[in-house]
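According to TrEMBL, the protein carries these features:
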BINDING   Arg75  pyridoxal 5'-phosphate binding site
BINDING   Arg97, Ser98, Gln105, Arg313  substrate binding site
BINDING   Arg271, Arg398, Lys463  tRNA binding site
MOD_RES   Lys284  N6-(pyridoxal phosphate)lysine
Amino acid sequence: MNDENFILSEKLVSSSYVRQGLQARRGHEQLIRVLLQQGKCPEEGWSESTIELFLNELAVMDSNNFLGNCGVGEREGRVASSLVARRHYRLIHGIGRSGDIAAVQPKAAGSSLLNKITNSVVLDVLKFTGVRSVSSCFVVPMATGMSLTLCFLTLRHRRPGARYILWPRIDQKSCFKSMVTAGFEPVVIENVLEGDELRTNMEEVERKIEELGAKNILCVHSTTSCFAPRVPDRLEDLAVVCAKHDIPHIVNNAYGMQSSKCMHLIQQGARVGRIDAFVQSLDKNFMVPVGGAIIAGFDESFIMEISRMYPGRASASPSLDVLITMLTLGASGYKKLLSERKELYSHLAQELKALAERHGERLLHTPHNPISLAMSLNRLQTDRNAAVTQLGSMLFTRQVSGARVVPLGVEQTVSGHAFSGFMSHTDSYPCPYLNAASAIGITKEDITLCIKRLEKCLKSLRKEASAEKSESVSPAEDLKD
């Protein structure tokens, strides 16, 4: 309804009522106007009616929703199911064009505007969560691993003679496969054990650069968020080394946006040295469905170069999901979730520590990891790791998801590379352990239930172990007792 239609409405309904409706409409429009003017996440969240009004306004700007549109091309935004059309708010054309995921589509002005606004809002979120000097970013409809691959493929054009990627070890398959898929040879830098923590081996990084030659190295591929007892890489030191040797630096910041410590490491690394791009997951940081990531950096031209490397158009679903989420939460709502996560990390640590002590175990000391925690499982260790792996199965069947048990000595081959001690980020960690994480969206009730069910599982396993021990006593020893 525009102003003219409101005037015409006054012929049918009392003008005072119509003006009241007009004022309400302008309240919605004012929020949309500020968003378009500033391109920032609103401080306070919007109502669902405002968000749906905005999305419907965008949808009617796309040619597939034009009244009387006559499409004779192969891609005209046709959708067979009205349920599918409603699921996507009739924004069917996706984002980008065949040559650039950030390009504007002539027949999809609404979808193009959605793309631009989402990237602008996400850039604002990156800044207020800690990376204040980030200059550019875009949402890509691929999860973290494939988004890293896109970064490596872009660097190939800048460094055509390079074949190696230096990678401080983190036992997560997708980040390793992202390098192999791009056609490069990962050079695994084994971590060093400092106390309970696994940290970046800077001496080995320097040695490998000297051995392989800087020109033959595509980049250093570092990590922030990870499972304890591994901790975020020494990003500042790595950034300085990369700047010194003129080697690009790509950071896997998968779920690091929710941690001020991880974001600070990226900001400091860019300040003192070199970070070319950092990649973060949408689902892990914004609580949206899996399938999207944010590629960001400090050189706008390089980030745009990555976006142009993406072949073809792309799905708008991840952009739509994250925009709706941030308009719903607002900056204040998102910051509140981050604050609650941080508080619950301390609560989870206290509860795990108390549980560990009750069962003769201990909470591993990993102060440099701001999200993940690890508890030793020494008393479950056997030659075959049976009790350790059984604990993982028991937790899963009791609906404790996300808890991760790591036995000793697991051998795993990933894309042709053999890893010893897989899942523990090192060949031989001193003890088996269990991981739990305080990630965004976790509640105190989640922690309470987890600890309760974990305690029951540990008691059950100890009881089974005692029974087996009793059965194994020989008749002579039994009579002696």
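Cβ coordinates come from backbone N, Cα and C, glycine included.
Given the structure is predicted, the values throughout are model-derived calculations rather than measurements.
Everything TrEMBL records as a feature, shown here on the structure.
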residue	record	Cβ contacts under 8 Å, 6 or more apart
Arg75	pyridoxal 5'-phosphate binding site	His93
Arg97	substrate binding site	Ala103, Val104, Gln105, Arg313
Ser98	substrate binding site	Pro311, Gly312, Arg313
Arg271	tRNA binding site	Ser133
Lys284	N6-(pyridoxal phosphate)lysine	Ala254, Tyr255, Gln258, Ala439, Ile440
Arg398	tRNA binding site	Arg453, Lys456, Cys457
Lys463	tRNA binding site	none
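Taking the mean position of the Cβ atoms of Arg97, Ser98, Gln105, Arg313 as the substrate site, the remaining same-chain residues with a Cβ inside 8 Å of that point are Gly94, Ile95, Gly96, Gly99, Asp100, Ala103, Gly312. Take the binding-site residues Gln105, Arg313: by the count of other Cβ atoms within 10 Å of each Cβ, the lowest one is Gln105. Spread of the tRNA binding residues is 55 Å (greatest Cα-Cα distance among Arg271, Arg398, Lys463). Across the residues the record lists as binding substrate (Arg97, Ser98, Gln105, Arg313), the two Cα atoms farthest apart are 10 Å from each other.
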